[in-house]
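What TrEMBL records for this protein:
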ACT_SITE  37  active site, proton acceptor
ACT_SITE  175  active site, proton donor
BINDING   10, 70, 146, 147, 148, 149, 177, 197, 198  substrate binding site
BINDING   35, 37, 70, 175  divalent metal cation binding site
């Protein structure tokens, strides 16, 4: 098994007036990567930020933090090169947002970024399967994309379990309503990349939350390894 437990705070839940220092704070608290939500007001109703903000963050925090860009945008092809130039490490686009998945995967790779593929709750996991061998990470949304603070959708765990059984070494990310109360369900299903927003960012002790989430995941990974 080539995957490990990684925790990525969703920085959209931080104090946006202090985005650079918030990113640094999260890395200092032990985050493995940073999850950056890009929304365009079309694919989802909200608008967040684009490549100029990503570039400013990269310049401020330096080359080390891994930037996982969650592109909740209607035309993901449009932003591949700008995001690569801005310093993104992984470009995660939605299956529902493009009619040419293969070309987009190729373009992301050629730009030097890793490839993430995301699905919304109403999209079947089988639709992702043809591309699973060509991507670095599969993202199973556990809420409807576009708004923070939604309730975790436990029924999405069947998708995670299916992906883990079919593609044992794939990085599988979950995003939406994930925190200490729901992490066991995610870990047991086979998720290893955990996006957590308010549970980490709003905590008085984010380091302990990050550690808890990682430990639960690591234990589940170890158990799965022993059970094989």
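Cβ coordinates come from backbone N, Cα and C, glycine included.
All annotation found in TrEMBL is predicted automatically rather than curated by experts.
Annotated features, which come from TrEMBL, shown on the structure.
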residue: 10; record: substrate binding site; CB count, 10 Å: 24
residue: 35; record: divalent metal cation binding site; CB count, 10 Å: 28
residue: 37; record: active site, proton acceptor; CB count, 10 Å: 24
residue: 70; record: divalent metal cation binding site; CB count, 10 Å: 27
residue: 146; record: substrate binding site; CB count, 10 Å: 17
residue: 175; record: active site, proton donor; CB count, 10 Å: 25
residue: 177; record: substrate binding site; CB count, 10 Å: 22
residue: 198; record: substrate binding site; CB count, 10 Å: 16
Cα-to-Cα gap, residue 198 (substrate binding site) vs the residue listed as 'active site, proton donor', nearest whole Å = 12
Cα-Cα distance linking residue 37 (active site, proton acceptor) and residue 177 (substrate binding site), given in Å to the nearest integer = 15
Comparing the Cα of residue 35 (divalent metal cation binding site) with the Cα atoms of the recorded positions 10, 146, 175, the shortest distance belongs to 10
What subset of the recorded positions 37, 70, 175 lies within 10 angstroms of residue 146 (substrate binding site) at the C-alpha level?
-> 37
At the Cα level, what's the spacing in Å between residue 10 (substrate binding site) and residue 37 (active site, proton acceptor), rounded?
-> 7
Rounded to the nearest Å - Cα separation of residue 175 (active site, proton donor) and residue 70 (divalent metal cation binding site) | 10
Residue 37 (active site, proton acceptor) to residue 70 (divalent metal cation binding site): how many Å between their Cα atoms?
-> 5
